[in-house]
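Record features, source TrEMBL:
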type	residues	note
DOMAIN	A:3-183	domain 'Cytochrome c assembly protein'
TRANSMEM	A:20-41	transmembrane segment
TRANSMEM	A:61-81	transmembrane segment
TRANSMEM	A:93-112	transmembrane segment
TRANSMEM	A:127-147	transmembrane segment
TRANSMEM	A:159-179	transmembrane segment
TRANSMEM	A:199-221	transmembrane segment
Amino acid sequence: MSMWEYANPKLFMGWTRPVLPWMFASAGVCLVVGLVWGFFFTPDDFRQGSTVKIIYLHVPSALMAINAWIMMLVASLIWVVRRHHVSALAARAAAPVGVVFTLIALFTGGIWGQPMWGTYWAWDPRLTSFLILFLFYLGYIALWEAIEDPDTAADLTSVLCMVGSVFAILSRYAVLFWNQGLHQGASLSLDKEENISDVFWFPLLVCIAGFVLLFVALVLMRTRTEIRARRIRALEARARRA
Amino acid sequence: MLTVQNLTCARGGVPVLADVSFAVEAGRTLILRGPNGIGKTTLLRTLAGLQPAIGGEVTFPEDEGAYASHADGIKTALTVTENLSFWADVHGAPLPDGIFETFDLADLRDRLGGTLSAGQKRRLGLARLGVIGRKVLFLDEPTVSLDGFSVKLFADWLQNAHLAAGGIAVIATHIDLGLDAPELDLTPFKAADDAGGGSDEAFL
Amino acid sequence: MIALLLRDLRLAIRAGGGFGLGLAFFLIVVVLVPFGVGPETELLSRIAPGILWVASLLAALLSLDRIFALDYEDGSLALLATSPLPLEGAAMVKALAHWITTGLPLTLAAPALGFLLSLAPEAYAYLLVSLMIGTPALSMIGTFGAALTVGLRRGGLLLSLLVLPLYVPTLIFGAEAVRRGAEGLDPTGALMLMAGITAGSFALLPFATAAVLRINLR
């Protein structure tokens with residue numbers, strides 16, 4: 001049995017039902033542990049004081065905002081190439097979750113930016129890129145909502161997602177070209193020299209794991225809802241024909 | 001020669017016709033019959049390649065198919081001549097002699113598309129078929145809003161120009177064109193309610 | 001392909017609104033800005049490159065939904081799809097026709113409006129060049145957006161929502177080139193990057209547009 005068979009809607013409904021509570025539970029545990037550890041058991045930063053602690057919300061949500069789009073892109077490609085319905089519906093299900101992560105990243109960024117830079121918003125390349133990403137999400141969701149036929153909607157949004165990804169990357173570079181910015185460099189990188197210190201790093205990792213698990217759990221749950229909605233539509237269509 | 005084997009086609013993701021098979025020799029016409037909603041338009045659009053078939057095969061000489069429906073693609077701001085020569089140019093063919101006379105458009109040559117009556121527009125739309133030089137025609141209700149005289153004009157062109165030159169036509173119509181052509185009733189091919197292959201199938 | 005281009009141009013001229021409306025819109029937006037920000041010449045001169053670019057972008061957006069909608073409604077799009085003309089070519093020709101009827105007149109009119117906003121004298125050449133290079137990309141991207149929304153009854157608003165984020169890189173490089181020109185800096189970098197976007201759009205988006213049209217036609 002190939003792995004693609006798990007993408008059959010019925011099988012998908014079957015294996016996700018027992019998995020889903022565990023996903024939510026482990027996401028909750030990770031988030032509680034990571035956030036409590038981060039907020040109450042780490043020292044204040046010598047420059048930024050206690051404001052640095054918002055990093056435990058800001059960085060994971062920013063990371064997931066981008067990863068959600070990448071997941072949608074992969075799911076769209078799978079739909080275009082192999083035409084697995086669950087893949088298209090998962091892309092649809094992920095978009096609103098991605099929007100919320102983008103908004104969390106923007107808001108926590110503003111709250112963090114006020115004491116650090118003296119302003120809630122600046123047209124900094126990173127901030128601007130996230131705002132543009134937010135607009136891309138809105139367009140993608142609006143297109144899904146506007147088209148009645150589910151397969152046509154899946155096809156068109158897949159193409160939009162692919163073209164949009166290219167333009168999102170272009171925008172990222174355009175924005176860097178346009179303004180050099182205030183934002184600090186990446187908080188996380190494989191290059192040890194640039195990394196933040198371990199005291200902040202471990203709780204942050206736990207928070208990121210929590211956000212990833214939360215994202216997966218939410219997408220699975222929303223995909224299940226989409227499958228049910230689609231099944232209702234199919235049953236109604238059959239009832240009308242009979 | 002047009003052959004259709006076990007063709008299954010869908011409208012809005014739902015199979016409407018299943019296992020349609022027929023063959024039309026060069027120089028022959030096939031008339032499609034069947035009640036409204038049986039899927040004549042869907043079948044013609046599938047044959048013309050505008051929508052994918054769920055299953056089955058359609059074979060005819062490559063790049064010889066043409067589709068015509070209720071919408072004629074007439075531009076209201078262009079004259080009759082300009083409308084026709086546009087399609088001739090797109091298909092890389094010259095305007096054939098006498099095409100205006102054949103479809104009784106000679107007096108209307110310089111009229112704008114927007115000023116034509118419904119029947120005149122229809123004649124212009126059908127004249128397009130005489131201009132593009134395609135051998136296999138898929139016609140959806142070609143005689144809507146035509147008067148008896150114009151129907152005769154069209155049938156004559158089909159018989160004497162198109163079919164005589166080895167062309168093929170598949171026509172969905174409710175009226176008698178006066179052609180000596182076999183008829184295919186689509187009612188027996190109606191897809192069963194639980195027919196497979198639709199886009200909803202995976203969810204049922 | 002030339003036949004399609006000529007037909008679209010002829011239709012744009014005869015139906016009216018093609019050249020005139022976009023230009024009038026461009027003029028009105030540019031005239032409204034001083035009412036909004038105040039009449040100080042220095043301020044206007046500084047924001048002129050951005051205003052001219054944003055206004056021409058909005059003017060180009062105005063006529064996008066007509067690129068395919070009329071052909072879709074009267075059935076010509078289905079007829080074109082079954083003609084020997086590849087749909088990819090048709091998409092590119094449609095974008096080109098849109099550019100000739102909107103982008104080109106906007107480009108030619110922009111210097112006159114730059115005068116209204118007291119654009120720096122050094123920037124005029126760059127304004128012309130950047131719009132000349134950049135507006136084709138706006139037309140091609142817009143054509144893709146128009147193809148996406150062609151089957152929808154209320155596609156106009158959605159079209160703007162889909163297309164405007166895609167316009168961001170072109171706008172940034174275009175306005176940046178003019179701004180650098182006005183400040184006496186070297187704008188070639190921005191111009192080259194914008195030319196890259198235009199070339200890339202014309203190389204790739206016709207395929208996406210044709211794919212989307214086929215989906216919408218079925």
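All positions are counted from 1 along the displayed chain.
Here the Cβ of each residue, glycine as well, is placed from N, Cα and C on the backbone.
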Practice prompt. Report, as numbers and ranges, every residue of the chain located at least six residues beyond the transmembrane segment (A:93-112) whose Cβ falls under 8 Å of a Cβ in that stretch; write 'none' if there are none.
Written response: 51, 54-55, 57-58, 61-62, 64-65, 68-69, 71-72, 75, 120-121, 127, 130-131, 133-134, 137-138, 140-141, 144, 211, 215, 218-219, 222-223, 225-226
Fill in: Surrounding residues of the transmembrane segment (A:61-81) on its own chain - C-beta under 8 Å, 6+ positions past either end
87-88, 90-91, 94-95, 97-98, 101-102, 104-105, 108-109, 130, 133, 136-137, 140, 154-155, 157-159, 161-162, 165, 168, 208, 211-212, 215, 219
Worksheet entry | Cβ contacts under 8 Å made by the transmembrane segment (A:199-221) with residues that lie 6+ beyond its boundaries | 16, 19-20, 23-24, 26-31, 33-35, 37-38, 41-43, 45, 52, 55-57, 59-61, 63-64, 67-68, 71, 90, 93-94, 97, 101, 187-188
Response to the item:
The predicted model's mean pLDDT over the domain 'Cytochrome c assembly protein' (A:3-183) is 88
